[in-house]
Amino acid sequence: ALMLQGVDLLADAVAVTMGPKGRTVIIEQSWGSPKLVQDVANNTNEEAGDGTTTATVLARGANPVEIRRGVMLAVDAVIAELKKTLNDELEIIEGMKFDRGYISPYFINTSKCEFQDAYVLLSEKKISSVQSIVPALEIANAHRKPLVIIAEDVDGEALSTLVLNRVGLQVVAVKAPGFGDNRKNQLKDMAIATGGAVFGEEGLNLNLEDVQAHDLGKIQEITEQLDITTSEYEKEKVTDALNATRAAVEEGIVLGGGCALLRIGIEIIKR
């Protein structure tokens, strides 16, 4: 009886969060979690990346044999109906990450600095003068694209100009990661990844004042933060997303929010 009370306690709290209009539940952890049901939910999450709420509700009182029997009776009809709108689509986007944040907090546009479809200006040298960055700013403004500047450092008049132009132009300045040869190599890697050039690199006669659009790298999306703080909640979100992605790659996905279930239910009733 006590075990059933524990199962009901968790299942009742979780059940109301199910579906597209699920409610938020706050639970004070003053004692141990009901491990039996928790294990069911964890195993489901590890296997499928989602479905923990459904698994918890089913574990509370549904007969798994009867559920399987009902599923098997309808599975052929469900698959046939889903195949009518089935499309294979898998997109893998390459990216890179480095441990440096934006130089000034004035660059942020949300809790982080996030740009899409941006130009990238790479420089091995420190950028201090306004004249050296004006051509790149003009190119970005003419093409209506954000500009990300990654250099040894950006200071003085150059930094002040970037901050002032932040209102009319999406721009962010970032210190290049690493030191010495390591920094040079990382900038070269960025140039290869973005299709741009590294200004100030030995052997290349490139001046910032002579920059052309083809000298700038191009990226689909970039996120910059002052520093990285990882919470347990964020870790869980990343883990859920990773598991869901793996499941999607292996088995595909259907419309969420109960839409697929609703549509299939209508077809099953017709039959």
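Backbone N, Cα and C define each Cβ position, glycine as well.
From a predicted model like this one, the values you see are computed outputs, not experimental measurements.
Feature annotations, reproduced from Swiss-Prot:
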| type | residues | note |
| --- | --- | --- |
| MOD_RES | Ser30 | phosphoserine |
| MOD_RES | Ser33 | phosphoserine |
| BINDING | Asp50, Gly51, Thr52, Thr53, Thr54, Gly257 | ATP binding site |
| MOD_RES | Lys83 | N6-acetyllysine |
| MOD_RES | Lys84 | N6-succinyllysine |
| MOD_RES | Lys97 | N6-acetyllysine |
| MOD_RES | Lys112 | N6-succinyllysine |
| MOD_RES | Lys126 | N6-succinyllysine |
| MOD_RES | Lys126 | N6-acetyllysine |
| MOD_RES | Lys145 | N6-acetyllysine |
| MOD_RES | Lys188 | N6-acetyllysine |
| MOD_RES | Lys237 | N6-acetyllysine |
| MOD_RES | Lys270 | N6-acetyllysine |
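Features as recorded by Swiss-Prot, highlighted on the structure.
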residue: Lys83; record: N6-acetyllysine; CB count, 10 Å: 8
residue: Lys84; record: N6-succinyllysine; CB count, 10 Å: 7
residue: Lys126; record: N6-succinyllysine; CB count, 10 Å: 14
residue: Lys145; record: N6-acetyllysine; CB count, 10 Å: 19
residue: Lys188; record: N6-acetyllysine; CB count, 10 Å: 14
residue: Lys270; record: N6-acetyllysine; CB count, 10 Å: 7
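Per Cα geometry, Lys270 is the residue among the modified residues Lys126, Lys188, Lys270 nearest to Lys83 (N6-acetyllysine). Geometry remark: Lys188 (N6-acetyllysine) versus Lys270 (N6-acetyllysine), CA distance 62 Å. Among the modified residues Lys84, Lys145, Lys270, the residue whose Cα lies closest in space to that of Lys126 (N6-succinyllysine) is Lys145.
The distance from the Cα of Lys84 (N6-succinyllysine) to the Cα of Lys270 (N6-acetyllysine) comes to 17 Å. Taking the C-alpha positions, the distance from Lys145 (N6-acetyllysine) to Lys270 (N6-acetyllysine) comes to 52 Å. According to its DSSP assignment, Lys126 (N6-succinyllysine) is in a strand.
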